[in-house]
């Protein structure tokens, strides 16, 4: 008699089969995150290309915004919906369009389509980094770093207009359209003087500076460990030894600044922390703008400038510029409101 010891083979369900197929080793990894990433990215990109090629913004912004109307790559856009539509999600099957594709495009339905699919596509890409990091056995800091751009996208394109009266006040998906949105933020919110904007600029420019310094320092301290024509050919991905000298780099920057990183782990964590924190802080600031929160208002300088024609600061001059932007931008940007400002209310600086 033969006795077999062990577990009886269990029946594999559809979930196990699907899990194996999704995680199969292939040129482009799919994974569970790909179920969200690939369709959403395809839809967002396809919607943007369709909108910038064929769809006008005449009915929502009174503008031409497509290649078909004569715009170029810098001036095309998928424009935000009309102000009158509020925060409607503008589904194709909704009451606004009622399955009429042409009407849906005219109302700005492609903007909400691109915005929502784009947001979920970015989230899918972050989940992809989590998933692959788990599969190969590394920590998920890449995904954590990518949360910065996601926070900026969600705060600017979704949270800000949700705090305003409609999707109309979100940026359009186009180069010139986003430039107009930046000017709008400055004129109506004095965004450049906002401390969260300052932290964002410090994070992004600081991250760029750290990246440049780090790359240059590594290139400066590469080991001359080969007779190849250049140092790049001497590198082997599987080599056991270091490819540059941390000790030499530390000595160099100690002489430059009197202080330097002596720990590679702290150094690279700092390079991660600076730009990601900057992105998150700017996102927090945008949410504040959505709620129309004010930042720095130096009222004493404004009062003195109003009373004394000879007193003016860069701050008061910028406030006047913001007033000018609001006065001249509102009639152009919100044609449907039919704003008319008499000449006497338009701002004039003390120097004019």
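Residue 1 is the first one shown; counting continues down the chain.
Just so you know, glycine gets a Cβ as well, placed from its N, Cα and C.
The feature transmembrane segment, as given by Swiss-Prot for the ranges 96-109, 110-123, 152-165, 166-179, sits at 152-165. Of the listed segments 22-38, 73-89, 124-140, Swiss-Prot assigns transmembrane segment to 124-140. Transmembrane segment is the annotation Swiss-Prot gives to one range among 186-206, 207-227, and that range is 207-227.
The shortest Cα-Cα distance from residue 129 (pheophytin a binding site) to any of the binding-site residues (197, 214, 261, 268) is found for 268. Shown in sequence order, 191, 282, 285 are the residues of the chain, 6+ apart in sequence, with a C-beta less than 8 angstroms from the C-beta of residue 197 (chlorophyll a PD2 binding site).
Counting only same-chain residues 6+ beyond the ends of the transmembrane segment (40-60), those with a CB under 8 A from a CB of the stretch are 66-69, 71, 76-82, 105-108, 110-111, 113-114, 117-118, 120-121, 124-125, 168, 172-174.
Residue 261 (plastoquinone binding site) is surrounded by 18 other CB atoms, counting those within 10 A of its CB over all protein chains shown.
Long-range contacts of the transmembrane segment (278-294) within the same chain: residues 147-149, 151-152, 154-156, 159-164, 185, 189-191, 194-197, 199-204, 206-207, each at least 6 residues beyond the stretch ends and with a Cβ under 8 Å from a Cβ of the stretch.
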